[in-house]
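> Structure incoming, see below.
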Amino acid sequence: MKHVGPVEPAAGGPEVPPVAALGAAPESAAALFGPRLATAQRYAEVLGTAGVERGLLGPREVDRIWDRHILNSAAVAGLLGRGDRIIDIGSGAGLPGIPLAIARPDLEVVLLEPLLRRSEFLTEVVDELGLAVEVVRGRAEERPVRNRFGDRDAAVSRAVAALDKLTKWSMPLLRHDGRMLAIKGERAAEEVDRYRRVMTASGAADVRVVTCGANYLRPPATVVSARRAKPPHPKSARTGKAGTR
């Protein structure tokens, strides 16, 4: 098992709080992660130490790793079907993909991350936690990524980009009727109103804002859900039955 370690800290780099600052896992974590709670606890420790040292998480986030990051991510699990194949776009420190993989071992999870240092961190974390998760260095808009992962049941993301870009990246990675699940902030509804036309033009349907984890998160996770619509039937130039101009 490979240990997730720090990089050499630069002068004036972030001061890493002690692991004790994380505190014990909240009771809701035991309900979400069940027998894999120890794995979730270890992930929290990695985020609060190596994650801070390597610039993937701010030092001020350590005391709220559970509520703001891990539980906020895992709350989306209730929106996923059994055995769903999901791709985490712009995974960064592994949010939301790693908490979902811990909470739901039935899921097939791919972590997609374009930056080398982040993808290396993700590979180390996945190895240390013993997760059956694939880490891929790449961007959602790249053709090789779309060719390989263009049939996912769900594309998840968290604080990656505005909905216009995120929809354009997500839809080509989904099977028809697959869903984009984007964890957003409290202004998610405003963002949906702003970009609804662009989202529809990019193939999104049934766009709505849902909340998850309201019984244990304050505030609950706010998620923009959108289904990939089936494309219209292509016109047939050979038969001449394409319709009128």
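Yeah, the Cβs are placed from backbone N, Cα and C, and that goes for glycine too.
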> If Swiss-Prot says G90, L95, A140, E141 bind S-adenosyl-L-methionine, which of R117, R118, R152, R158 does it name for the same site?
R158
> Should R158 (S-adenosyl-L-methionine binding site) be counted as helix, strand, or coil on the basis of DSSP?
strand
> Highest Cβ count within 10 Å among the binding-site residues L95, A140: which residue is it?
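Its Cβ has the most other Cβ atoms within 10 Å: L95.
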